[in-house]
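Undergrad: For reference, the structure I am asking about is given below.
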Amino acid sequence: MRDRVRWRVLSLPPLAQWREVMAALEVGPEAALAYWHRGFRRKEDLDPPLALLPLKGLREAAALLEEALRQGKRIRVHGDYDADGLTGTAILVRGLAALGADVHPFIPHRLEEGYGVLMERVPEHLEASDLFLTVDCGITNHAELRELLENGVEVIVTDHHTPGKTPPPGLVVHPALTPDLKEKPTGAGVAFLLLWALHERLGLPPPLEYADLAAVGTIADVAPLWGWNRALVKEGLARIPASSWVGLRLLAEAVGYTGKAVEVAFRIAPRINAASRLGEAEKALRLLLTDDAAEAQALVGELHRLNARRQTLEEAMLRKLLPQADPEAKAIVLLDPEGHPGVMGIVASRILEATLRPVFLVAQGKGTVRSLAPISAVEALRSAEDLLLRYGGHKEAAGFAMDEALFPAFKARVEAYAARFPDPVREVALLDLLPEPGLLPQVFRELALLEPYGEGNPEPLFLLFGAPEEARRLGEGRHLAFRLKGVRVLAWKQGDLALPPEVEVAGLLSENAWNGHLAYEVQAVDLRKPEALEGGIAPFAYPLPLLEALARARLGEGVYVPEDNPEGLDYAWKAGFRLLPPEEAGLWLGLPPRPVLGRRVEVALGREARARLSAPPVLHTPEARLKALVHRRLLFAYERRHPGLFSEALLAYWEVNRVQEPAGSP
């Protein structure tokens, strides 16, 4: 599997843009590099406005809800059972009730009924509602919704799961059906927008008090945290400690919430989901809907208990299935007739993480998929839809139901689908080399402005390398700690790892407060022996001395020169080099090569230049730090023979130094 894990160093920005970000955001070059790669160019980009999105059908749905309010119609809110669906359901049930609606929730039983609107439940829905409103589901329930409409029940579908070729009957509000919409709200996000549109129609202020519920759903569903989602999550995270909803407030207090998205992802959302996974989603929904503090406190305790049981079931299922997973198979398709359907999604994720293969699990007639590019989970299911009772989901995750007697045919079908694609690869994207220890406090503070971290806005990873020192085990041998170049590295759940003489670490910069002192450490995300490192702006650079490279070029070896290197192109044309595209060239000229014997060549070849680049830099100004960062990357790429990085770093070096060649150089 390690051959499908690729480390890549992110490219350096054009110098003018890099400096503009440094100036606009008042940060050093290290943080500016991270901001630039996320599209943050100005302070306003870090705080996008939270506005009403122009979703297709949104205003029509709000008008239908207003009519239902005025006529006293019974509204049934049919939500999904996961954290996104439950928070979205709570938003609309609470929000509509506050406006005087006759509204009640309905959540299907995860284990007995599964995902979506069931035909067997349609008679009950007909009896209980005049308006049927879905949250985080419904986009694939054509027959069920048509039955409701034909029997006089109005239907509004709010969803964000991958739609089919045609939308279902009824009034549909779905981000994917809005042309040119870049934003990706989740089920809870769409529910929040619908309530907002209704408030606007009624002349009321935006219902921002519901942003905390929507933020929990957005984070739980691993939505990209940029643009509108970023604005929503920032607003919601700030509101959680003093939430208007006592259940959410007490749950946050119980798990030690301090305002970070990661705490929602790994503490709050799993407890909400645990109730659903074990068939008791109504307890999580009651927690989000109750206004009674005593009831809320008891329900928080129940969610803790359910989460502990979920962890036990998960570990047992993983121990059973992981040995059956063949990491060489194009897809891992496993049946566990006695397995617990409620935890198989997490188990599938952990098997995917261990094998880097798409995983399809079936337990008691229920199924789950976890996948990674280039294989789409929902498209894989679509290739076998004639074998399924129902299905739905996204590229990365999906769910389905099936007759287990058809499992062999299903397995063959999805394996054939997966075989059409190249092997998935996990990329470890590294921002840069870890800065000098003296800069870590400032870099940490400046990077904190990137929060909330999450999908689409990952916490920056740094590269740290060298000979590990002072290695020791922690936590009864479960974890590993050691030092690299004076920086403490913590590798969680890696206690059995035998460190090589030299190691490369991809890690997160963290701040550790202890006894009144602050220390800056690296939390290892991945470790390995020194290997190839991808990155840079070209696939070829100087794997040999420049003079030798030029001599080989004169003998006819193919050369690539970037179009934005006119001096190099002119030199190559005059020298008669055979110019080729980068993927075909054996040599890549990453710097203007004239004059061959000038100071420029020293950077590539000379001992004097290497000593100059490795000398301790003077870091009094942001510009000095910018030069030091470029020098450090250049020296690293050259000495460790990473051609792509070296070619890019050479261009950056010339740009930040603007070296003047000696007069009279050839």
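In case you wondered, yes, glycine gets a Cβ from its N, Cα and C as well.
Positions annotated as Mn(2+) 1 binding site by Swiss-Prot: ASP80, ASP82, ASP136. For ASP84, ASP136, HIS160, ASP221, the entry in Swiss-Prot reads Mn(2+) 2 binding site, with the evidence type experimental evidence.
Are these features on the surface or tucked inside, and what are their neighbours?
TA: For the recorded site, ASP80 (Mn(2+) 1 binding site), the DSSP three-state label reads coil.
Counting only same-chain residues at least 6 apart in sequence, those with a Cβ under 8 Å from the Cβ of ASP221 (Mn(2+) 2 binding site) are ASP82, ALA83, ASP84, THR186, GLY187, ALA188.
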Undergrad: I need the CA-to-CA distance for ASP80 (Mn(2+) 1 binding site) versus HIS160 (Mn(2+) 2 binding site), whole Å please.
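TA: Their Cα atoms are separated by 12 Å.
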Undergrad: How many Å separate the Cα atoms of HIS160 (Mn(2+) 2 binding site) and ASP136 (Mn(2+) 1 binding site)?
TA: 6
Undergrad: Near ASP136 (Mn(2+) 1 binding site), which residues of its chain come within a Cβ-Cβ distance under 8 Å, counting only those 6 or more away in sequence?
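TA: Within the chain, ASP136 (Mn(2+) 1 binding site) has Cβ neighbours under 8 Å at GLY79, ASP80, ASP82, ASP84, GLY85, GLY88, THR89, THR158, ASP159, HIS160, HIS161, THR186, GLY187, ALA188, VAL190, ALA191, GLY217.
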Undergrad: Just to be sure I understand the packing, how many Cβ atoms besides its own are within 10 Å of the Cβ of HIS160 (Mn(2+) 2 binding site)?
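TA: If we count other Cβ atoms within 10 Å of HIS160 (Mn(2+) 2 binding site), we arrive at 24.
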Undergrad: Residues near the Mn(2+) 2 site, ASP84, ASP136, HIS160, ASP221 excluded, by Cβ within 8 Å of the Cβ center?
TA: ASP80, ASP82, GLY85, GLY88, ASP159, HIS161, THR186, GLY187, ALA188, GLY189, VAL190, GLY217, THR218, ALA223
Undergrad: Take the Cβ of ASP82 (Mn(2+) 1 binding site) and count every other Cβ within 10 Å, whichever protein chain it belongs to.
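TA: Within a 10 Å radius of the Cβ of ASP82 (Mn(2+) 1 binding site) lie 27 other Cβ atoms.
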Undergrad: Please report the three-state DSSP label of HIS160 (Mn(2+) 2 binding site).
TA: coil
